[in-house]
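Peer 1: Right, I'll just put the structure down here and ask away after.
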Amino acid sequence: GGDDCYSDLRPTSNYLGVESSIPAVKMVEKVEKLALPCLPVGEGPHWQEDLQALLFVDVFAKKLRRHFINTGRSQELYLDDGDSATFVSMVIPVEDDPELMVVALGKNLSVVRWSVDDPNIHTTKPKVLHTTTDHRFNDAKCDPQGRLWAGTMCPLDDKGKPLEYNNCSLYKFDHDLVCTSWVKKVTLSNGMTWSHDRKSFYYIDTVAEAIYHFDYDDEAGSISNQRVLLNYPEAGLQDQRPDGMTTDVDGNLWVACFGGRQVICVDPKEAKVIRKIAIPSKNVTSVCWGGKDYSTLYVTSGTLRTTPEERAAYPSSGGTFAVTGLGTKGTPPINYKVNLDKLK
């Protein structure tokens, strides 16, 4: 990473013509790269409202990163787990103690403490909470009740092709860290989000090239009736795969497209793509809403499996971006509501 990957990004314009005496509505979305290094894989963005900071993982460096939007300060936390894991794949703060973070390091779901008072570059030893028998954890998200859903993924070769298929799962960790399995035969568990009426759960298996729709029972914390909401090849998205995902206030899904240089917006009622936002990085990994009114879409990406020519053509590859002017916004993220005694 470094300053060599910064570039001037021009905002793209959308003009929506309205047939009336009212002047045409001009919607201008703007994509800006944050002053952060370009990463092999940035992932799992999570907005910390009290700090006005973007929290995310630097997967291959085994680091958490935190960027304070108002001041430009950046913190890095290296996770020293004795080299038991090669990757960190997600970070979510704990509800009643926001300095506590749940992280996924390889096979281990762990907890670390990270303060704004820590030095900008700092190291900590994670405490293991749970170890999976699957290959390793990947993405995770909390449901509306603050239960943690964490998926696993199969091993991949150097080209990103799975070495095994359909032998990982999506798990739920309740408020007491009790783990149950909910979706089996998963190859690469990824993005998750819930509908505002708490009746639908959306979930991605990247290798299956599909966004799935489930019925969700908020009280029980259960999901059922899995069906395909959007198949990428059938939607004309053959050269890319779905990755991280979030929901806006209108109930639409915003999905990072790995290999696609874009974020798409999907209307789940119509099961179709209604918008595409170009991102100047080929491998777009995840998205979250943030900023003071949640109208900024933060987007992570990576240089992983890109050629020198692709990186030269897109010097912002692997950057972390802020997209504004979208005409919609999100809602605050859910932190993990867990019995703090279980983390001691």
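Using N, Cα and C of the backbone, Cβ positions are placed for all residues, glycine too.
OK, TrEMBL features for this one:
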DOMAIN    41-302  domain 'SMP-30/Gluconolactonase/LRE-like region'
BINDING   Glu43, Asn190, Asp243  divalent metal cation binding site
BINDING   Arg136, Asn138, Asp157  substrate binding site
ACT_SITE  Asp243  active site, proton donor/acceptor
Peer 1: Minimum Cβ neighbour count within 10 Å among the binding-site residues Asn138, Asn190: which residue?
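Peer 2: Lowest Cβ count within 10 Å among the binding-site residues (Asn138, Asn190) is Asn138.
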Peer 1: Over all shown protein chains, what is the count of other CB atoms within 10 A of the CB belonging to Asp157 (substrate binding site)?
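Peer 2: Neighbour count, Cβ to Cβ under the 10 Å cut-off: 8.
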Peer 1: Give the distance between the Cα atoms of Asn138 (substrate binding site) and Asn190 (divalent metal cation binding site), rounded to the nearest whole Å.
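Peer 2: Between the Cα atoms of Asn138 (substrate binding site) and Asn190 (divalent metal cation binding site), the distance comes to 7 Å.
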Peer 1: Just jot down the residues in the same chain as Arg136 (substrate binding site), at least 6 apart in sequence, with C-beta under 8 A of its C-beta; none if empty.
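Peer 2: The answer is Ala85, Phe87, Ser89, Ala104, Gly106, Lys107, Thr152, Met153.
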Peer 1: Assuming the binding residues for substrate are exactly those in the record, Arg136, Asn138, Asp157, what is the maximum CA-CA distance in angstrom, rounded?
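Peer 2: So the binding residues stretch over 16 Å, Cα to Cα.
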Peer 1: What other residues of the same chain, not counting Glu43, Asn190, Asp243, have a CB atom within 8 A of the CB centroid of the divalent metal cation site?
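Peer 2: These residues sit around the divalent metal cation site: Gly44, Asn138, Asp139, Gly191, Ile204, Thr206, Gly244, Ala256, Phe258, Thr285, Ser286.
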Peer 1: Within the chain of Glu43 (divalent metal cation binding site), which residues six or more apart in sequence place their C-beta under 8 angstroms from its C-beta?
Peer 2: Phe56, Val57, Val59, Ser89, Met90, Asp139, Gly244, Thr285, Ser286, Thr300, Gly302
Peer 1: Looking only at the domain 'SMP-30/Gluconolactonase/LRE-like region' (41-302), what is the mean pLDDT?
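Peer 2: 97, rounded to a whole number.
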Peer 1: Please report how many Å separate the Cα atom of Asn190 (divalent metal cation binding site) from that of Asp157 (substrate binding site), as a whole number.
Peer 2: 18
